[in-house]
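Quick look at what TrEMBL annotates:
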- A:7-25: transmembrane segment (TRANSMEM)
- A:31-52: transmembrane segment (TRANSMEM)
- A:64-82: transmembrane segment (TRANSMEM)
- A:102-121: transmembrane segment (TRANSMEM)
- A:128-151: transmembrane segment (TRANSMEM)
- A:171-194: transmembrane segment (TRANSMEM)
- A:225-243: transmembrane segment (TRANSMEM)
- A:263-287: transmembrane segment (TRANSMEM)
- A:299-322: transmembrane segment (TRANSMEM)
Amino acid sequence: MTISRETIINIVLALLLLAIPYAAIQFGNPFYVTLATRMAILGLAAVGLNIALGFGGLVSFGHAAFFGIGGYVAGILASHSLSGAPLNFGVFSVPGTNQMPVIWLVALVAGGLLAAAIGAISLRTSGVYFIMITLAFAQMTYYFAISWPAYGGEDGLSILVRNQFPGVNTMVPLNYFLVCYGVLMVGLLVSALIRDSRFGAALQAARQNEVRVASVGITPFRIRLVAFVISGMITALAGALYADLNRFVSPSMLSWHMSGEFIVLIILGGVGRLYGPVAGAMLFVMFEFLLGGMTERWQFFLGLILLGVVLFARGGLIGLIAGKPRHG
Amino acid sequence: MAETILELRNLCKSFGALKATDDVSLDLRVGEIHALIGPNGAGKSTLIHQIAGTLTPDTGTIEFLGRPISQLGVAERARLGLGRSFQVSSLASEFSALRNVMLAVQSRQGSSFRFFKPVMRDRSLVEPAMAALARVGLKDRADIPAAELSHGERRQLEIAIALALGSRAFLLDEPMAGMGPEGSRQFTGFLDALRQEAPILLVEHDMDAVFALADRISVLVYGRIIASGTVEEIRHNPEVRRAYLGDPQ
Amino acid sequence: MQIALFIEQILNGLQLGVMLFLMAAGLTLIFGVMGLINLAHGSLYMVGAFACAAVAAATGSFWLGLAASLAAAAAAGAIMEVLVIRRLYDRDHLDQVLATFALILVFSEATRWLFGSFPLYLDIPPLLQGTVPLPGGSRYQLYRLAIIGVGIAVAVGMYLLITKTRLGMRIRAGQSDRDMIGALGVDIRLLYTVVFAFGAALAGFAGALVGALQSVQVGMGEPVLILAFVVIVIGGIGSIKGALVGAILVGVTDTLGRFLLPQLFGLMMPPSQAGLVGGALASMLIYIVMAVILAVRPQGLFPAMKG
């Protein structure tokens, strides 16, 4: 079997991301470790979105909702763990926790449930309707977070001590990077498996031709709903990691700028490509950092760069280097 | 009389003031090719759409394998065994011919909710799909993306998909459009044999093929079936000659 | 409950509704004619507000400011269309979303560059200052009533424009059959630029009118843009009538929800908690309404065309 050009690029990207924090420490610039962690986490969020958007053609403009709910899961569980007060759900109550594996599990479930609810309504529509409805539902969670003061409302919620991972001191930046990098790799593995599986075949075929998929007896709605749920779960997991990175969660994680940013990551990297979200996140965080260092007006130039990419380089970074995608 | 597989009774469908389907009844029996002919705009495709489920009839019933199916969706009807080809071919255009057929195989095997095993290494998908491609003569084109196949090849691919689905009846909407004379001749032979596997409701403009293949013919004009019978009966039916062949007598 | 307060809230809802209509009408028109989803529509709203505030501050006349808002937003829209939007008509919605998202970044940052980060303020013109009496004894701001009147006038004007004029005929032709108007010898490129600039002017006009009620600042267009999306999704994308009905529905629902829900919950629970629950629910109310409408009619109330 020959190794495709895209596979080589993927390996290089994975190694490059892993090398950044070590190089940073080597050159005495530990701040870059945090940048690399941001790349890994935003990459993971976009890996989630890519399953819906890239493989399934479902242009969700509301993935911030999942990212945010993951973040709030981490923040809320941590705050209850710290105060010792249990979380009340009316009939039953559960204690908080500062253990990342538990938090991740809860984030996955919460993200999945929210995605199932939003998807069940939004997927009845398509095209522009779908874009606007996912945006509107995410906005709904945003306003809810702002108007619900129990967990900080507009001001957000701090995580005083970063949550713990068994056997790892997560307060050491490099350790936390490795945790996030590990989760990203698992996310990419899941994404690759899905892409090549029967489910992935049906999902990608439904993007190309919905009628064809129905005429062989597969109901596109169900396939899409499951894809949307998986997609939301992965993005929620990324949200939990992001909250722990910043040790802070606020409604801004739910804002539509966040949703837009995820789409930007995917386009920058290459739509529907396995490592597109990672390439996009690396590029984006780098742009943000470099432009931000040069000018206060970096968003202006970021906008111009994005316009250039959309108008003139539609395949994204991986498309530029590896050419068109191949379907076996 | 042979067993009836598909039966339409008193089907009506209007678009505004236009009666696209006007009280149509017809059936399809085991082992036969039933051709549906009529001038352009007679409502042949509209009828196929209603049978396949992309359009819902206003009134009337459709029974397939003894079961009413008018209320079922496209996917459910396909799962019951209704295979179709489209007037304008409809395929997953980025996928290779093989992957298009594999999609039907996986649907037939029951579940698309499998997330781990790579399809291209799954012999239980690849082998039946290759077999179906071989039957329509596309084996050598298995790796070509559907978008790059010729018009004729895409028709053949759609038939391969219907075969792989294990269809109990075929709805073929102009399967020979876009094929050269040689291709048409070969394909006529193929359809001739296919009827033994499952009956075919055939919409076709190529009258030589229709007269060579059909066991029965129904003639649709302005949404109504004006005549139905054997090839000989239709050839000599004066109403058909007047309405369809433009014969002034 | 006091009737006067209730009437006041209804009027506030109407005022929000007509504002949303001005935004939504442009969005839905642009989508209907060109098939384009424009996220940067909120930026045009902002451009209108800033133009009005700046010109009003320089000349002392709100009315000159209002004229400037129309001109500036229309010009910005036309430039945007010629330089960027035009290249997006044949692209998929994903590209359109991304490019217009990028335009928001450019517009917001450029505005901050020109005007700084501090909000500007715009005074209500002397002619429209003051209040008018309402039945029930309270008084209502004249300016807000004027906005409602202007919104209704624009709605009627648009109806006449689209049904009675030559431009309207071409717009309708563009909505139903794009190839046809080309065949009729209409300069499509020009038509598209005109439609886009017209939609932009409506948005800028709305921004200027609202600018006198709130502060004029970067990012002010975004919440309104998203509400306008909700409006056109409810109304049916591409339908002006749907935009009007949807806008009034959203405006009144949102305003009354914030007013009534805390009181409603107050009947069942202590006031502090009622305010909390009612307030949170009110902030989500229009989205819930949208979800319910879509569950019943996925193409909106007045389906105009396929999305």
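Heads up, the Cβ atoms here are built off N, Cα and C, so glycines get one too.
Unlike curated records, TrEMBL annotations are generated automatically.
Between the transmembrane segment (A:31-52) and the transmembrane segment (A:102-121) there are fewer than 3 Cβ pairs closer than 8 Å, counting only pairs 6 or more residues apart in sequence, which means the two stretches are not in contact. The list of residues near the transmembrane segment (A:225-243) in space but at least 6 beyond its ends in sequence, with Cβ under 8 angstroms from a Cβ of it, reads 41-42, 44-45, 47-53, 55-56, 58, 60, 63, 65-75, 100, 103-104, 107-112, 114-116, 118-120, 122-123, 159, 179-180, 183, 187, 190-191, 194, 199, 203, 249, 253, 262. The list of residues near the transmembrane segment (A:263-287) in space but at least 6 beyond its ends in sequence, with Cβ under 8 angstroms from a Cβ of it, reads 6, 9-10, 13-14, 16-17, 35, 38-40, 42-47, 49-50, 53-55, 59, 61, 184, 188, 191-192, 195, 298, 302, 305-306, 309-310, 315-319, 322, 325. The stretch in A:7-25, A:64-82, A:128-151, A:171-194, A:299-322 that contributes the largest number of Cβ pairs under 8 Å to the transmembrane segment (A:102-121) is A:64-82. Comparing A:7-25, A:128-151, A:171-194, A:299-322 for CB pairs under 8 angstroms to the transmembrane segment (A:64-82), the maximum falls on A:128-151. With a cut-off of 8 Å between Cβ atoms, the residues of this chain six or more beyond the transmembrane segment (A:299-322) that come close are 4-6, 9, 264, 266-271, 273, 275-276, 279-280, 283, 287-288, 291.
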